[in-house]
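The structure under discussion appears below in the form of structure tokens.
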Amino acid sequence: MPELPEVEVVRRGLETILKDQPILEKVELMRKDLREPIPAKKISTLVGQPLTSIERRAKYLLLWTPKGAMLSHLGMTGTWRVAVPGDERLHDHIYLHFSGDLRLAYRDPRRFGCFDFVQDPLKHPKLADLGPEPLEAEFNGPLLWEKLRGKDVALKVALMDQKVVVGVGNIYASEALFAAGIKPTLPARKLSLERASLLVGEIKKILSQSIKAGGSSISDFAQASGESGYFQTSFRVYGRDKEPCVTCGQQVKSKVLGGRNTFWCSRCQK
């Protein structure tokens, strides 16, 4: 599933494509639903409006007009691309037609994404209860430490709780914990303030590095330009079960935590 870096890379790509604030001329839905029903009538109220900005909140994209926004979640396999005439593909579910003969296509083979209407982000059920953005200044060691107090779940599971911090999914939780030298199975409530501050620093560093690298292209992820990211070539533990640790040479371990495969080095991470 695309995590924060991948969604931010898509946002930046779309922002470049739509920089001239084109008018939304038509929303063409090839089906009535993705993971959930698409509110076609509400979204149709945005037709005729200029696209004023593209924002990201957690793993959601918000395409803003003066009357509201289209909200997009990429799910497991969703991608946005410019689709010139004749470029219609299997599993294209949404076409956004803009002035200047510009057309964006949303393709999602597994249909785990969503496409929704937003007027007030603070009141929208998908956005209202989200935690802090990890790359913002407000996300710091004391805040993370406070949010983890009393949590008996494994630290890695807690990091993937979108009420604790948004956008840190399976890949980047494993990588950040390795960089900070903290084992993923540590009960979240036992993380010290000092180590929380260290972990926050590594989360920020790794997310920033991945964005710069265009994200991690595993499964179907691609940038809005169609290019792949290449941060996956920098993975130090993720997906490296039974391979030698890049730091100490000990075999990397894996375990399912919170329903997701987790990777770590038992020598380097305590």
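The backbone N, Cα and C atoms fix where each Cβ goes, and this holds for glycine too.
According to Swiss-Prot, the features are:
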- Pro2: active site, schiff-base intermediate with DNA (ACT_SITE)
- Glu3: active site, proton donor (ACT_SITE)
- Lys59: active site, proton donor (ACT_SITE)
- His91, Arg110, Lys151: DNA binding site (BINDING)
- 236-270: zinc finger (ZN_FING)
- Arg260: active site, proton donor (ACT_SITE)
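Separation of the C-alpha atoms of the residue listed as 'active site, schiff-base intermediate with DNA' and Lys59 (active site, proton donor): 8 Å, rounded to the nearest whole number. For the zinc finger (236-270), the predicted model reports an average pLDDT of 97. Shown are the recorded positions Lys59, Arg110; of these, the residue with the fewest other Cβ atoms within 10 Å is Arg110. Once the Cα atoms of His91, Arg110, Lys151, the listed binders of DNA, are compared pairwise, the greatest separation found is 41 Å. Lys59 (active site, proton donor) has Glu3 nearby among the recorded positions Glu3, His91, Arg110, Lys151, Arg260, counting only those with a Cα within 10 angstroms of its own Cα. Looking at Arg260 (active site, proton donor) and Glu3 (active site, proton donor), their Cα atoms lie 14 Å from each other.
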